[in-house]
Amino acid sequence: MKLFLRSHAVLILLFLLQGLFVFFYYWFAGLHSFSHLFYILGVQLLILAGYLAYRWYKDRGVYHWLSSGQEGTDIPYLGSSVFCSELYEKQMELIRLQHQKLHETEAKLDARVTYMNQWVHQVKTPLSVINLIIQEEDEPVFEQIKKEVRQIEFGLETLLYSSRLDLFERDFKIEAVSLSELLQSVIQSYKRFFIQYRVYPKMNVCDDHQIYTDAKWLKFAIGQVVTNAVKYSAGKSDRLELNVFCDEDRTVLEVKDYGVGIPSQDIKRVFDPYYTGENGRRFQESTGIGLHLVKEITDKLNHTVDISSSPGEGTSVRFSFLTKM
């Protein structure tokens, strides 16, 4: 009702001004028969009230809809007036255009992800051949080639998951997963990486904790944290701990290294996209996308991730999982 009155405020104001004009006209014209004046003003007031009541009856659906603050795209019946009908048709046309643009955007996104997947797999094939050719070679030049190939493989994996993230809802499956088995799979996948940097993981798992997650996406997220821990520990420490423990109703995975640590001014921004910080400038191996993807993935999986660090002493990244659905 307030919105209706505000929308007709000008009309009501004009009626008041008209009443004042009639009153002063009667007064200055020497017509002091107030009974006639009040009769005229009463008729005008009755006409105005009737008009407003009619407009309210016809357009009340519009004002209820505008005042309700309802979310969603469903447009209710707005009323039978010409204004309501035209507004309803316009809204429906806008919704149809939005749906059309949404479908077009989804189609383009699907095409981009499909192209990216095909491109990554095409690049992986010659990399696999290179690995087969040089896997038995121990000369320094071949060791350097192996290192660079692994860097390309990690970059391709990051690119692949980054492109799939926009279609995450189509590409995940929540199920009970053994956290210890998942960690063993991560260690197996990165064993050459550990050897290359001479940093060796140690699992501290008391029981076989079952968590509800998507194994593929979580494995990638843990892998991103592990690779960071290894790269920033190399040459300073050969220790990397994967600790699993319970904290009330949650299971916690802690990836703890004893490397260079993260400066205090960078710790609040490590999950920002493309933020490399001081360590990224020092080591020149950071893209600033890995931890951002970790944060995005854990949020979508309804997990939490936090990070703490002491410069020169190491970094601890904790994943927290609900133990029950």
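A Cβ is built for glycine as well, from the same backbone N, Cα and C atoms used for every other residue.
The topological domain 'Cytoplasmic' annotation in Swiss-Prot covers 1-8, 55-325 and rests on sequence analysis. Annotated transmembrane segment per Swiss-Prot: 9-29, 34-54, in sequence order, evidence recorded as sequence analysis. The topological domain 'Extracellular' annotation in Swiss-Prot covers 30-33. Residues or ranges marked as domain 'Histidine kinase' by Swiss-Prot: 118-325. Taken from Swiss-Prot, the feature phosphohistidine covers His121, and the record attributes it to sequence analysis.
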For the transmembrane segment (34-54), sequence-distant contacts whose Cβ falls under 8 Å of one of its Cβ atoms, 6 or more beyond its ends
8, 11-12, 15, 18-19, 22-23, 26
So what pLDDT does the topological domain 'Cytoplasmic' (55-325) average out to?
84
